[in-house]
Amino acid sequence: MDAPGSPNSHVVYRLLSPEPEEGTEGRAFELDSASGSVTLGARPLHAGQDIPLQVLAVDLGGAEGGLSSTCEVTVTITDINDHAPEFTPSQIEPISLPEDTEPGTLVATLLATDGDLEPAFRHMDFAIEAGDVDGAFGLKWEPDSGHVQLLLLKNLSYEAVPSYQLVVVVRSEAELVGPGPGPGATATVTVLVEKVVPPPKLDQESYEASVPVSTPAGSLLLTIQPSDPMSSPLRFSLVNDSEGWLCIKEVSGEVHTARPLQGARPGDMYTVLVEAQDAGEPTLRTAVTLVIHFLKAASASAPTLPLVPTRHLCTPRKNHGVVVSGASEDTDLADGHGPYNFALGPNPTVQRDWRIQALNGSHAYLTLALHWVEPREYSVPVVVSHNNRMWQLQVRVIVCRCNVEGQCMRKVGRMKGMPTKLSAVGILGGTLLAIGIFLVLIFTHLTLARKKDLDQPADSVPLKAAV
């Protein structure tokens, strides 16, 4: 406010703070001592900083005795979108997925970061740039989050595409200022598709057998076999045969008694686990339970019931069988309540060719175990137990070829009085020969008659009388 041009109005400016930081060269801001204008210095600035500047103004040109005052200027450093988002890390370890993985499964979660402070500049956009040859994968993310989920969208196939090398790219939604995205803006995810080989499948989900406690060692109880006879060979073993009563043949799956069933009591059950292992792929295995029902030892006087009425089954095997009734006509055996238990006789051939399973508490279902057996009549022994009593049925079954309706086609014998094939051929040949001879005689007679007419003289022909 002093007179212009006088020493009292000659003002100079001085920057009091901030002082330069140790280890850095120069200030963030420079102050012109004559004009008082604040300019940027050599030191770099960082977004989000609030830098207070204290400025001293002195008249008399800064000489001693001049009057002074200070003011504070706060400079706020604002952010610009000068950082491209980047993945951390940009290289993902290979990920293995079985080819039966369900669509919608989370494959991996990727993380991208952005060095900008302004929330609007941190919004990112993601995309699979390369490697997804059949559109099997997709991405899911939130706009304000740096996490992106890699999801499986379609079923995988090892035969079609055994592996994927997915390249995921991240971009800033806002326009980028300064240098473009660097190498960290992409992440590579390698997905290895694992071929799924199903474990072995057996012809039953569980097995049961009923044996008398007097069964000797070496007796065949039943045979474990695959559901598909053409499948890869299996190797069988018993897992928890704690009593050591049983043994199983490794290749055939036949279960035998390993020793006499000492300690077994009628009515008890004995459960073991049978493991089936693929012979070519030992890691492929399955396990089923085998339950042994112990029966009372068969007595010498145990009655044998009459034969069950004849039935028929079709070969090749069809999905039906015959019903076997356990009810006995013997009142001593039929007394009491409770279910009937059925088992095939101990003959190994019977165990191999036939299967029997409970239908209800009093009946069982007898079917062929093999796809093909020789067509003829069979007598199948079936052991029935009820209330600690045991007896045996001889089930007569006719196995025959069947038509499309499942009806048995039997050979028809020659009817009584009908000619045989040889006699029929003889009769037919004789008839044809007789017809041939008869035709030869007729043609010979006609030929001779015509020759006789040609040899007769012309004057011997009778004249026709005029009328």
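Positions of Cβ are set from backbone N, Cα and C atoms, glycine also.
Annotated in TrEMBL:
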| type | residues | note |
| --- | --- | --- |
| DOMAIN | 2-87 | domain 'Cadherin' |
| DOMAIN | 89-202 | domain 'Cadherin' |
| DOMAIN | 203-305 | domain 'Cadherin' |
| TRANSMEM | 422-443 | transmembrane segment |
Cβ contacts under 8 Å made by the transmembrane segment (422-443) with residues that lie 6+ beyond its boundaries: none
Helix, strand and coil residues within the domain 'Cadherin' (89-202) as assigned by DSSP: 7 helix, 51 strand, 56 coil
DSSP-assigned states of the domain 'Cadherin' (2-87) in counts, ordered helix, strand, coil: 6 helix, 32 strand, 48 coil
Overall pLDDT for the domain 'Cadherin' (89-202), taken as the rounded mean: 88
